[in-house]
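Q: Here it is, the structure in full.
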Amino acid sequence: MDCIFCKIAAGEIAAKTVAETAKTIAFWDISPQQPVHVLLVPKIHYENIAELSTGSPEHLVDLMQLGTKVAEELSTGSFRFTFNTGVEAGQSVFHVHGHITSTTPKA
Ligand code: 5GP
Ligand code: ZN
């Protein structure tokens, strides 16, 4: 499968990694839309949040826990954690990922 986020998770393509667990990788978005913009990607391929939540809830919990930890470390505590799902909602990479965005980075 030709999936950019599978390749980043496998270390085959470089990314600016922020944090990592056995199940999840967090890295800076290549085209940040906010002063803080980090992607949370499970190290298992599911297309979207709906498929991940039924297919591997343990990966979803791990992703949410790592995401909130990263958000608290990088921001002052105000942040968004979003999952674009489907083309019409703006999803462009079809390997599920959460966006952590914040306008208030920690100094
Ligand atoms: P989506 O539009 O699917 O919700 O989000 C995909 C995100 O992945 C976009 O914000 C885009 O900038 C980011 N992105 C796409 N390709 C790469 C890449 O190769 N490396 C990184 N770090 N981010 C990427
Ligand atoms: Zn993938």
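Cβ coordinates are placed from backbone N, Cα and C, and glycine is handled just like the others.
TrEMBL annotations: computationally assigned, not manually curated.
Predicted, not measured: the structure shown is a model, and the values here were computed from it.
Copying in the features that TrEMBL gives for the protein in this structure:
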type	residues	note
DOMAIN	4-107	domain 'HIT'
MOTIF	95-99	motif 'Histidine triad motif'
ACT_SITE	His97	active site, tele-AMP-histidine intermediate
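Context for these features, please: burial, neighbours, distances.
A: A mean pLDDT of 98 is what the model gives for the domain 'HIT' (4-107).
Packing against the motif 'Histidine triad motif' (95-99) from elsewhere in the chain are residues 3-6, 29, 37-42, 45-49, 51-52, 63-64, 67, 80-84: each is 6 or more residues past its ends and has a CB under 8 Å from a CB in it.
In the three-state DSSP scheme, His97 (active site, tele-AMP-histidine intermediate) falls into the coil class.
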Q: Give me the count of other Cβ atoms within 10 A of the Cβ belonging to His97 (active site, tele-AMP-histidine intermediate).
A: 26
